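Asks: Structure in structure tokens, see below.
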Amino acid sequence: MLKFIQNNREATALLAIVCLFVFPGALDSQYLSVQTLTMVFSSAQILMLLAIGATMVMLTRNIDVSVGSTTGMCAVLLGVMLNAGYSLPVACLATLILGIVAGFFNGVLVAWLKIPAIVATLGTLGLYRGIMLLWTGGKWIEGLPAGLKQLSAPVFLGISAIGWFTLVLALLMAWLLAKTAFGRNFYATGDNLQGARQLGVRTEMVRIMAFSLNGGMAALAGIVFASQIGFIPNQTGTGLEMKAIAACVLGGISLLGGSGTVIGAILGAYFLTQIDSVLVLLRIPAWWNDFIAGLVLLGVLVFDGRLRCALQRNLRRQKYARFISPPTPLQTEAKTHAQQNKNKEVA
């Protein structure tokens, strides 16, 4: 049972999503609708994109806490260029390039300069946030063109063009990780760095690629953010890095690297966003959101840790069982006889 849960974390996340629909649905039948599904998905698109990027980094046994600032910085560049008269495709392309460059810089710090990922990305978190504020002077960016907002308008089955793009991108990344040598390199790097090097995997380039892809996903998240709300606050992206990591952990991505899937991370992002919608239904104040999300994350971490310990004990038991010979019938009979004599003496 424990092994099944560990090997099917996506199913566990999906079950949690279903339960989180059923229980509120018992209180309000209108909650159980396709409209609710699409509404939560629309709200989860930003976090899903960030979770895809975080998956790539976490698979290599690293972590990036600068994606929130990268998202904000890229959103600001998009807004500045659009208000300066650049076309939407050009502005989006420049935004994507900026995100990839920001991620590449993180990767260089970690892979080539050997700075611990948490330290390097904490530094760039402040750097990218500072660049964002310098560009805007601390002001909000408003007056974005209608063409940008149109990207988030429903086009089919209540899902926007950006929503369909997010789904296709998630499926593509899931396929790349599961079915190609490119994806297996990420797992190998995170699972056994030295072993991957001996097999010829260019682990430094894999990690740089992971951070670069993460930056690209953060840029896409910035575009989605701007298109959904129609303006860019000066605190755009704040706190998103923790939610992205939480979504990955909820979906079964190991903090120790080398295991997990993009689909699990997507389901984790959906579940976290769904919690917010349930809190609204229950009329719980918004300031409880972070507390409850953190509580859920801690619960999952504790469960994940206990599950891993139980699996390791089971593996050790199976590994050394062949060295422990079972007792012979004569030994069993002698032990039983000795126990009976001991019981008589006590009586």
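Note: Cβ is positioned from N, Cα and C throughout, glycine not excepted.
Pulled these features from Swiss-Prot for this protein:
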TRANSMEM  14-34  transmembrane segment
TRANSMEM  39-59  transmembrane segment
TRANSMEM  72-92  transmembrane segment
TRANSMEM  93-113  transmembrane segment
TRANSMEM  115-135  transmembrane segment
TRANSMEM  155-175  transmembrane segment
TRANSMEM  213-233  transmembrane segment
TRANSMEM  249-269  transmembrane segment
TRANSMEM  284-304  transmembrane segment
Asks: Could you check whether the transmembrane segment (249-269) and the transmembrane segment (93-113) come into contact, where contact means at least 3 Cβ pairs under 8 Å with the two residues of each pair 6 or more apart in sequence?
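Replies: Counting Cβ pairs under 8 Å (6 or more apart in sequence), the transmembrane segment (249-269) does not reach the transmembrane segment (93-113), since there are fewer than 3.
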Asks: Does the chain bring the transmembrane segment (72-92) near the transmembrane segment (213-233), so that three or more CB pairs sit under 8 Å (pairs 6 or more apart in sequence)?
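Replies: Contact criterion met.
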Asks: Mark yes when the transmembrane segment (93-113) and the transmembrane segment (155-175) have three or more Cβ pairs under 8 Å (sequence separation 6 or more) and no when they do not.
Replies: no
Asks: By a Cβ-Cβ criterion of under 8 Å, what residues six or more beyond either terminus of the transmembrane segment (93-113) are in contact with it?
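Replies: For the transmembrane segment (93-113), the sequence-distant neighbours (Cβ-Cβ under 8 Å, at least 6 residues beyond its ends) are 53, 62, 64, 66, 70, 73-75, 77-78, 81, 86, 120-121, 123-124, 128, 203-205, 207-220, 222-223.
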Asks: Below 8 Å between Cβ atoms, which of the listed ranges 14-34, 39-59, 115-135, 284-304 makes the most pairs with the transmembrane segment (213-233)?
Replies: 39-59
